[in-house]
Amino acid sequence: MNYIAAGIALCGSAIGAGIGNGMLMAKLIESIARQPELEGNLRTNMFISMALVEAMPIIVIAMSFVLINE
């Protein structure tokens, strides 16, 4: 049962991160199209935000290992 729970958690976090990254990139392109002079600042903020979005699957992987080893 723990394996199923870990698999569901991993799938959910991967789907959520994929959707989040897609929305983030769409808004970045939209923002650069509006104000091209802010491209450097927007790209920096995008990388920081993408790191925060990608942190969730990494945390879930660690939690899944704990769940499987119980």
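Glycine too: its Cβ is placed from the backbone N, Cα and C atoms.
So that you can see what the record holds, here are the features copied from Swiss-Prot:
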type	residues	note
TRANSMEM	4-24	transmembrane segment
TRANSMEM	48-68	transmembrane segment
SITE	Glu54	site 'Reversibly protonated during proton transport'
Notebook entry, point to check: Where does Glu54 (site 'Reversibly protonated during proton transport') sit by DSSP, helix, strand or coil?
Noted result: helix
Check: Are there residues of the same chain, six or more positions away from Glu54 (site 'Reversibly protonated during proton transport'), whose CB falls under 8 angstroms from its CB, and which are they?
Finding: Ala17, Asn21
Checklist line | Long-range Cβ neighbours of the transmembrane segment (48-68) (under 8 Å; 6 or more residues past either end) | finding: 2-3, 5-7, 9-10, 12-14, 16-17, 20-21, 24
